Amino acid sequence: MNYGAGPSSSSSRGTGLAGGQTQAHNNRPAVVPLSVDLLNKFRPSKHFKDALDPESSSTSLPSPPSLSNDAGSAGKNITSLSFDDAGERMVSAGNDDMFVLWDVKKGRKIKPLYSRKYGIDLPRFTHKTGTIVHASTKGDDHAVRYHSMHDNKYLAYYKGHTARVRSVDMSPIDDTFITAGDDGTVRMWDLRASGCKGLVKDVGGSAIAALDSQGVVFAVACSDTQTVMMYATSTMDRIPFNFQPLNDINFARDSIPPPKPIFTSISFSSNGEYLLIGTSSDVHYLLDAIDLVPLRRLVGHQGLERDKNGTKGHAPRRGCSGEEVSFTADSRFVISGSADGNILFWDLSDKDTGSSTTTESGQVKLSRAELDDGQKDPKSIQWHTLPIPDLQARVVLRGGNGMSRAVRFNTKLQMFAVGGEDLTFWLPEKDEDSKIQEGW
């Protein structure tokens, strides 16, 4: 498979564990920026029907009904995807307790592995080659586990959570990672120590958390309180230095009181400008990463709270949401899966999508009309009382059968992966000149 170089992340990478083999980042191919025209050329290039365990007849235990109502997760599905630092390896995990290591450049399966005792969710590559951390789905210890895929053995266990872990995020610069979950706690860990090195005790309900691209701050979102909070990693035991209600009054058009969407994922853009809050409903949220101003509602997809028949309940439910939405590495686009199987891209650099500013580097940054005069302090505005502008997807690609449940764009190469009932690798369709040059 001939993968072109993709947009590389602006964040620097750490050197990994002492004595461990780390991944090289020098001599990477030249960056080819993404564009609307290029994204429209992406097509499924490799289709893997063996990404799930054919011998498995049961799936991992579901989450408590009061928290999840996982109606959309019936049957075997790929639930999570993660690329390594170099973008040359990927791990997929399913609710059948199997996880698979993939060679991205060659487009092939390297080997399947199993976690039948603990279950597996949210695998994340560390900076040491061939190792991951992942959440557990079985048992009552809710530990995060450190696993070597080369030796197929566990290296460490990180215990402390008393309910299911809902987010795992590896620091881009060192061996720190952050977790959050249904117990309402946020925990900071170091791979080399079994006890957490930082703790936020109670954020008001089930929580998700993510580190910024420099590992200096982290954001926390809580569905129960519909609040987003920002903490410094150096003083995480203190109160957040910034917080913002994320009450979407746009939903008041549908019912009173308006439903509260369930926050299922959170991530920073690599340029540090945006914070993305994914939900299981028909909306994701784009916030300013500094002031937490809600900039846009990302709409046009079908939320994964739906069941296999495409039906939504009267109240929001988690469904199979959590790994379907993220930024591309150049921070220009947000990519998301959908309950109808489609893959959508929102263009964050389009000046025609409403209020925006231009940075010193000439890049477009989305803003709000309330700030156009440049005279108002964002903190002086009661944002939760104002409707959030919608942003429609610029690119919609037709996916395969079933929900596009886990979607990730490679941070180094021009490809993305989509997981659900099976797994597909997507590449730009070659133009006629390229086909002739390569002898197609």
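Every residue gets a Cβ built from N, Cα and C, even glycine.
Taken from TrEMBL, the feature compositional bias 'Polar residues' applies to 7-26 (among others).
Positions annotated as compositional bias 'Polar residues' by TrEMBL: 354-364 (among others).
Marked as compositional bias 'Basic and acidic residues' by TrEMBL: 367-379.
Here TrEMBL flags 1-31 (among others) as region 'Disordered'.
Look at TrEMBL and you will find 47-75 (among others) tagged as region 'Disordered'.
TrEMBL lists 352-379 (among others) with the feature region 'Disordered'.
Per TrEMBL, repeat 'WD' is recorded for 78-112 (among others).
Annotation source TrEMBL lists repeat 'WD' at 158-192 (among others). Residues 9, 11-14, 16-17, 63-64, 67, 121-128, 133-137, 141-146, 198-211, 213-215, 218, 220, 222, 231, 233, 236, 264-267, 322 of the same chain sit 6 or more residues outside the repeat 'WD' (158-192) yet have a Cβ under 8 Å from a Cβ within it.
Feature annotation from TrEMBL assigns repeat 'WD' to 325-356 (among others). Counting residues 6+ beyond its ends, the repeat 'WD' (325-356) has Cβ neighbours under 8 Å at 6-10, 33-34, 36, 39, 72, 265, 267, 269-271, 273-274, 276, 278, 284, 286, 296, 298, 300-304, 306, 310, 363-369, 371-372, 389, 391-412, 416, 418, 420, 426 in the same chain.
Across the repeat 'WD' (325-356), DSSP classifies residues as 3 helix, 13 strand, 16 coil. Per-class residue totals from DSSP over the repeat 'WD' (78-112), listed helix then strand then coil: 0 helix, 23 strand, 12 coil.
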